[in-house]
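Reading through the structure tokens given below for one structure.
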Amino acid sequence: MTSPRATVHCAAASPHGASDPHQEGPADLRLVAPALAAWAAAAISLGTPGGGVAMACGVAGVLAIVALRVAVVRRRDEREPEGMEEQSGDAPRAESGRPGTESPRRRRAPRLRSAGSFVALAAVLLCAAAGAASAALHASDLRRGPLPAFAEQYARVTVDLEVTGDPRLTRPKVRGSQRTPQVLVFTADAVRVTAPNGEITAVRTPTLVVVQQPGGGRGGAGGEHDRAEGRGGRQNPGGAAIAGDAATAGSVLAPQPLVTAAQAPVAASQASVTSGQRPVVAPRQPGEEDRVGVREGIASEWRGLLPSTRIRVVARVAPPLLSGDQVAAVLRVTADAAPVKVGAPDALQRLAGSLRAGLREVTGGLGPDARALLPGLVVGDTSRVPPDLDDAFRATDLTHLLAVSGSNLTIVLALLIGPPHLATRAERRGLAPRLGLSLRSTAVIGGMLALAFVVVCRPDPSVLRAAACGLITLLAIGTGRRRSLLPALAAAVLLLVLYDPWLARNYGFLLSVLATGALLLLAPRWSAALQRRRVPPRLAEVIAAAAAAQAVCAPVVAVLAARVGLVAVPCNLLAELAVAPATVLGFAALAMVPIVPPVAQALAWCAGWPAEWIAGVARTGAALPGAEFAWPGGWAGGLALAAALVVLVPVGRRVLRRPWLCVLCALALILAVCRPAPFTRIITGWPPPGWRAVVCDVGQGDGLVLAAGDGTALVVDTGPEPQAIDRCLTDLGVRRIPLLVLTHFHADHVDGLPGALRGRSVGAIETTTLQEPPGQAQFVRSTAAAARVPIVRATPGERRRLGPLTWEVLWPPAPPALPGPGVPTYGPGSPHTPDTSDSPAGPNPFDGPNDASVTLLVRTGGLTLLLLGDLEPPAQQGLLAAHPELGGVDVLKVAHHGSAYQDPPLMQRLAPRLALISCGADNPYGHPAPRTIAALRAQGARVLRTDTDGAIAILGTTAGLSATVTGHRVVKARLANGPGIRGRTHLGAPHPDARLAGCRRSRKRSGPAATRHLRRDLRRTTRGYPRGHLSGPLRSRPNRHPRRGLPRPRGPPCLGPPVAPPPAPMASALRRPRVITAIEQMEENQGTSIYRLQIMRMGEGVERGPRCCVALAWPEGDGPVPAARLAA
């Protein structure tokens, strides 16, 4: 006999209760329109004045009332006597088809549907009005209180704050030559504001708090990450990291004279003895260890703040960066002391904080990736995730694993209720039936677990969406109603938007909702289509889920990141194998932390294995050459990608019907992702065979590669981003780097170092003698220590040979004694000031890190290349004075990204045939300067630049120098009365009868598959003709000016600071009275504003020829002095 309980369960069981969406009935879309209306209204109203929102809400309310009235009238008409609605004509038919009986349902259906549509319209209007009203009320909180007014004045006030979010460290970015300091940020509500005049106001205003160390340094930001980076290196007794052994036997660490690569020492220690160089050691100064400990303690106090904690700060109030931000003001706090706590966190937050801290503690002994990844998988704690792993997750579209969402909550609830489609049946599984819990008790306990999940994992948008959907599903289970997942998602979106309208503008919330909707609507249909093609059911479900989520979310990712990932689906499939084990074991360890810590540690060790697998999948996928490709960003790019996907999905359905097309598409995708060198070279022509040197397109920075054999190269600088230099080296097939030279420690030259070291054998890193800026120098030391690569310092006159390469270090000059890293070599604060008055360079040759750039004279295949780093005119003059034998070169890497400040005599002496400029597109510094390009062309050089030409490869020998570029620029030279010349163009000064026509320069470049390559040839100077002339019929009038037909001007062009050695660069220019005719701010570098002044002598009129320009510099905050003072 069947029990009553089993009878209830059997009655409740129906096909509509299955967890698989394809087993549900038709999709119920009634709540979708109201949810979308509330979402759109809230997003629009957050940026709309309150009066307009109130008027729109009133109009929507009136229209909703009208729609409801019309619906009521139509329903009333349906209830009229049946005889009044009968019409003459044919006899009505019964529902069974027999004449004589009418079906009321069929006869009334059109009117009922019409009435229902008006009810749905009224619901949409009311929800839209509710969303707009809620958004207007929340937006008004930002304008309430004194903080907005103080923000406009940048006032300094005392504020009592209630912390609402966990403090997190920002990721430093490269801005020009500097790296932005890493700061601590968190959200908080201002509850009490004390004005400068002592007036106290009680408020409730959301703010963003930015905490930075005194002096704008790294603060507590980089300490933990730097220590994690340096785990691979040995430690000396003083606590300073010492680099490990050399990684390759081909390390080029030989002293003078020239030696071959085979004769080079094998180990870095041997090289240190023979060359007199030593690995860099960072000794601590007296008292430095205590100061570092105090700073780390203060930073730890700030990082340990829990939500609901009340603190008191003295902050500088600033307006938010964007007008649509969720905060009323930004509070900038200097962390010179621990935060002053005026209220403790509540008990729930203390428990959640202890659980999170316990999970970090038990995972501290795991491997680097598992230690960083496991807390993120379980509770969304990403404080330990290093930048390279974060970049790998972004490149493979696995970031959703670090953002706790529905999958985590599903795993937690599945432990309690088992498979959701069996939750209301007699054969339900999980812990609930084993404990004898009823459906209502199971729903209540599940709801408590969901709320605890939100508290521990923090109320992020994806967490809130998952918890809301879970609670609605548990409510359906507890009340015995049919589960319908799509209405549950729509209801969750509606409730959350009404509760927090700022979610309507949150991209994380948008991605979470889109992915969930794709799993409910698209994945079942795609899975069924795959199963019809004889794909195993479980595999078909997993592939369909990953593909559907990626297809729906890809346009939004393109809007944010301007890229499209090609490895997202396979990486998600591979990572999915380890997500469930890592999450279950991680939650088990989290639960055991306060009870049995040793058991929690054992469970964390077990969870570390699947976490390492996930990290390995991300790193492997991101390392593939074609893991992602550029796509136009912004909403236009997102809409274009969405339209492309709408077209490709039906095409994909047809492809599935033909197995041979599936094989071809899979093969094409594999080739596009892996990009094997022979195949890529055939398709794109890059890299060109026999390349001698390549200037990588690394953005606003430097990265140059010199070929030294099969898969071996000398690398000079690494650019500002690891991905760019890594991609360039991968395309070139470079696997071994015996020596990596960092010319100086500015971020645009060294921050890409992890990318150059990634997956390659590096023998040693050679740096300049000036260890400034100290933050970037410490970054290089910690990165080298983690990779166990020794660091040596460049020595002037040092000569080396590697395969066909030979090079000599020309600059910087060696000071008498080298101070410790981070101590200024010259100037205030240095332990000594060497006497260099007898030096050819003059006193104080280092006027900053730029002037300490390592300068190399390289010879390869008969070509001579000079790499100037970022030398400024004073150092260029010192280089010329120290090496009077320096003559002409074939290729010049122009100093400082083609800045306006170059030394004309040096440029005249070098007379390069090809000038290379590495700079970023649309950079804010105006690099390269037009007058620098004009001066180089006047010397007969052909100028190539990475911002318009892309990566540049140098080929050939002295007799036939050529260059291949990968940009989109199309150059066409044509005669004044003749046909056009395309393609192969001779480099050098253009012929007077030839002019550029139809020249288009594109700032943006696509991937290598769509690049165009221009092969250009440089010829040796022919006697009687200018260097780089065009041969053939274009030889007439070689001494005429290339543009205006005027005689070629004699003497060097005006390039800024004068060449003469007077102490004041502008003294000779202003000896005679002059008048300023124009002032133009050119660039800003290291806190100094650079202005260009156009001047003319008084009483002499405008000078003939090019206008004379002089460059002046003022400290930051000071403007140019009045013209009267300059004229005096």
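Placement of Cβ uses the backbone N, Cα and C atoms for every residue, glycine included.
Marked as region 'Disordered' by TrEMBL: 1-26, 76-111, 213-243, 816-853, 981-1067. Residues annotated as transmembrane segment in TrEMBL: 53-72, 115-137, 398-417, 437-456, 462-478, 485-503, 509-527, 539-561, 573-595, 602-623, 629-648, 660-679. For 223-232, the entry in TrEMBL reads compositional bias 'Basic and acidic residues'. If you look up TrEMBL, you'll see 700-921 marked as domain 'Metallo-beta-lactamase'. Residues annotated as compositional bias 'Basic residues' in TrEMBL: 998-1022, 1037-1047. Positions annotated as compositional bias 'Pro residues' by TrEMBL: 1049-1065.
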Query: Near the transmembrane segment (398-417), which same-chain residues lie under 8 Å Cβ to Cβ, leaving out any that are not at least 6 residues past its ends?
result: 373, 376-380, 382, 385, 392, 423, 428-432, 442, 445-446, 449-450, 453, 457, 460, 462-463, 465-467, 469-470, 474, 477, 508, 511-512, 515-516, 568, 571-572, 575, 579-580, 583-584, 587, 614, 617-618
- line: Sequence-distant contacts of the transmembrane segment (462-478), meaning Cβ under 8 Å and at least 6 residues beyond its ends, amount to 380, 400, 403-406, 408-410, 413, 417, 420, 423-424, 439-440, 442-444, 446-447, 450-451, 453-454, 484-485, 488-489, 491-493, 495-496, 500, 503, 508-509, 511-513, 516
Message: Counting only residues 6 or more past its boundaries, what in the same chain has a CB within less than 8 Å of a CB in the transmembrane segment (539-561)?
response: 394, 397, 507, 510-511, 514-515, 517-519, 522-524, 526-531, 568-569, 572-573, 576, 631-635, 637-639, 641-642, 645, 649
- request: Quick one: average pLDDT across the domain 'Metallo-beta-lactamase' (700-921), no decimals.
  value: 84
- prompt: What else in the chain is close to the transmembrane segment (509-527), if you only count residues 6 or more beyond its ends and a Cβ gap under 8 Å?
  reply: 20-22, 27, 400, 403, 405-406, 461-462, 464-466, 469, 485-486, 489, 493, 496, 503, 537, 540-541, 543-545, 547-549, 551-553, 556-557
